[in-house]
Amino acid sequence: MERERKAMAEKYIMTAAKLIAPAIETSFAVGYDWCVEVVKASQYVELANDLEINKAITYLRQKDFNQAVETLKMFEKKDTRVKSAAATNLSFLYYLENDFAQASSYADLAVNSDRYNPSALTNKGNTVFADGDYEKAAEFYREALRNDSSCTEALYNIGLTYKKLNRLDEALDCFLKLHAILRNSAQVLHQIASIYELMEDPSQATEWLMQLISVVPTDSRALCKLGELYDGEGDKSQAFQHYYESYRYFPSNIGVIEWLGAYYIDTQFCEKAIQYFERAALIQPTHVKWQLMVASCFRRSGNYQKALDTYKDIHRKFPENAECLRFLVRLCTDIGLKEVQEYATKLKRLEKMKEIREQRIRSGRDGSGGSRGRRDGGAGSDSGQNCSASSKGERLSARLRAFPAANEPYESSSNKEVDVSYVDPLGPQVERPKTAAKKRIEDDDFADEELGDDLLPE
């Protein structure tokens, strides 16, 4: 009974200090200092260190990390229990700052001070996990669980470790145990669904993801993953529903935008796909494919003028895009515009530039190969040197012939046909069903017979 009363008194003292420290002085730090002095003068002197640690944790909550570290470092020379608690917090702080060397050092100090501290063992496992030694990390997590079977952090981390080691059954067992403790933990639900997906069980993965979005209905990534799973099973309507919900909560996911645009194209609603490809073009303005898709949607929906304006705008932004020029040539030809010759000339010039660039690259490779051969072969005879010089001269003359003369127009010397064929970025257009097919004319067996007067109607 005496021990129970003492434990209750300590609990009340700690709670009172937390409540009054921020209110009795100008700052919570000064208030905690007053509480520490009062406790030191009482019979509960051992609580002073706990109050100092609470002060450091309050600094952490206020994101004043430097003051928290300074406060915790004062405990390095204190007794083992307090030293272990302070070192555990310092290890966690340095781990969050990605300073794994310091985190490991303080984790070792915490474990050596108190081998039965589950938080210290979990922090040590975290630093080993960060180094990639998953087997050793699992040993620390198991030891933490042996010391405290309710340590949820160690249980969660050992599940992640087994997942990294591809021991999926053991990882699933850990997360299912954790789910029994933390019923509405979104992280645990996500990990269970992820493991079922890795185990190639999409129905179970879908079921757990449905539980996840019942806990956090606005999680765009979970909704996107649900859409992906339904799409893999061939259920387009459910996939569309979850992809659309994901887009509603996070309209900047390029993968979701692309899937929704493709869905509307497959269902022959190109007008609705335009808004998604326009958003993708806003997110990635340097990617020409989204703007080409917008123009193709206009063309497929029959709005040729808008398609032409969009292609012209693309050509202004990306003048070296051959695909856009091919579309312009084809569209101007179909509409019957005079600009077709201008775009055809630009396309021809662009293809010529591309051809010259490829010739330069090939000749550069040949030259580098020849120079390597000369370096490997060492000093040769005079005839070998003359031969290499002549071949070098031939290559140089060939390169000069590839360029047009100064007074010639910049186009190919050969009358080569310009390739205006193009590949629609939206894929081949679906052929419309024929509703009024021409009837086949059947042969009449009596076509050549002459009708007599007796067969004519009276």
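Cβ coordinates come from backbone N, Cα and C, glycine included.
Annotation source TrEMBL lists compositional bias 'Basic and acidic residues' at 431-442.
For 443-458, the entry in TrEMBL reads compositional bias 'Acidic residues'.
Annotated region 'Disordered' per TrEMBL: 358-393 (among others), in sequence order.
Annotated region 'Disordered' per TrEMBL: 407-458 (among others), in sequence order.
Listed by sequence, the residues of this chain that lie at least six past the ends of the repeat 'TPR' (118-151) yet keep a Cβ under 8 A from its Cβ atoms are 84, 87-88, 91-92, 95, 100, 103-104, 106-108, 110-111, 157-158, 160-162, 164-165, 181. Residues or ranges marked as repeat 'TPR' in TrEMBL: 118-151 (among others).
Nonlocal intrachain contacts for the repeat 'TPR' (152-185), taken as residues 6+ away from its ends with a CB within less than 8 angstroms of a stretch CB, comprise 118-119, 121-122, 125-126, 129, 134-135, 137-138, 141-142, 144-145, 191-192, 194-196, 198-199, 215. Residues or ranges marked as repeat 'TPR' by TrEMBL: 152-185 (among others).
Sequence annotations record features per position, and here TrEMBL assigns repeat 'TPR' to 220-253 (among others). Outside the repeat 'TPR' (220-253), and at least 6 residues removed from its termini, the chain residues within Cβ reach (under 8 Å) are 190, 193, 197, 202, 205-206, 209-210, 212-213, 259-260, 263, 279, 283.
Per TrEMBL, the feature repeat 'TPR' maps to 254-287 (among others). On the 0 to 100 pLDDT scale, the repeat 'TPR' (254-287) averages 93 in this prediction.
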Using DSSP three-state counts, the residues of the repeat 'TPR' (152-185) come to 27 helix, 0 strand, 7 coil
